[in-house]
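Here's the structure we're looking at; comments come further down.
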Amino acid sequence: MGVFGLFSSQDDKRKEEVRTGARAPDRSERRQCWDARDNFYRCLDKHDVIDSQTGNGKKTADKHCAQEDKAFEDNCATAWVTYFKKYRVAEYQKKKTIERLQKEGANKVGMQAGPGGSTVR
Amino acid sequence: MPALVAPTARSARSASSQPAFSYSSAGRHQQRRYKGKTVEEARSRYRTGPFSWKAGVLFVLAGCGLMWYFESEKKRMQRQRIAEASKGVGKPKVGGYFNLVDHEDRPFSSANLKGRYSLVYFGFTHCPDICPEELDKMAQMFDIVEAQAPGAVTPVFITCDPARDDPKVLKSYLAEFHSKFIGLTGTYDEIKNVCKAYRVYFSTPKDVKPGQDYLVDHSIYFYLMDPEGDFVEALGRQHSPQQAASVILEHVKDSNK
């Protein structure tokens, strides 16, 4: 028990260091963090939550994805958790904007074709 | 002008009516032929003015020739302008002198990079997602380049977060990506100057309290520098490792010529 306790406490210490940002995570720790993040994202997707940090999104996330959120925070640096949660929102907005621009772009192309067609006549 | 030509033509016409009486002697015959020629010439000149079909063809040919010449010359100038813009005067001044320490805690300056191409990437070990991905990509492109041109390129990672990334941290971090990657760090001001020289934007806070976690926002490009330490090209996230490697190899081959 003593040896096991020592190991687990060392492991915990390292995890704690990663969480607080005192130590940079290595490749496997990054992987763990990303997996925990993706798990959390999946839960948010299931409940149609984009922003899990404010308003109704936070309420829903706290209610349905608390377990995933806990695992996410356990496996990632605190700064990363905040970053990824914000990144999800930013990425969603980016996607929406591109979709909107593409729609507008399509309209513009349609308008350009109009006068061109009339001159050919 | 027509007023001048008209009398000549009229006299020529009256001359042509005369020869009917005078073809008995050779002298006159010659005169007649001579006169006849003049008449023809005069007539044609009267009909067409100073322009003959030969002159017309010549004119059109010369015109086309000049047009073609000017067009090709214009295109040549345009190409030249583009070439000059992308090499000589218009070249962005990226890179420059630096004096840092490597991941083995040995001094490492920009002079150490001279004589070989270098692939420079800026990042930090606490980077959440982009830098690790990009470093894996850098390892792949470096391997491709090494396979075809061994020793042609030095891969360099410069940290934007010198407060946390000391040589030891860099060493263990980079070892996970590639054994040949050189990690560079220094004081906050040294790093700031390098980033400035490479036109890298970064947002590392200067005075961080111990235990305070933060992330660094920074530009994400691979900088390809030539053996003189001059900037060649920036490779971004849009390039796959294969594409980036072939861009690098093209430059390496160019310099060998």
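Including glycine, each Cβ sits where the backbone N, Cα and C put it.
According to TrEMBL, the protein has these features:
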BINDING   B:Cys127, B:Cys131, B:His218  Cu cation binding site
COMPBIAS  B:1-26  compositional bias 'Low complexity'
DISULFID  B:Cys127-B:Cys131  disulfide bond
REGION    B:1-40  region 'Disordered'
TRANSMEM  B:51-70  transmembrane segment
List, in sequence order, the same-chain residues at least six positions removed whose CB sits under 8 Å from that of B:Cys131 (Cu cation binding site)?
B:Gly123, B:Phe124, B:Ile220
What residues, ordered by sequence, lie under 8 A Cβ-to-Cβ from B:Cys127 (Cu cation binding site) and sit at least six positions away in the same chain?
B:Leu215, B:Val216
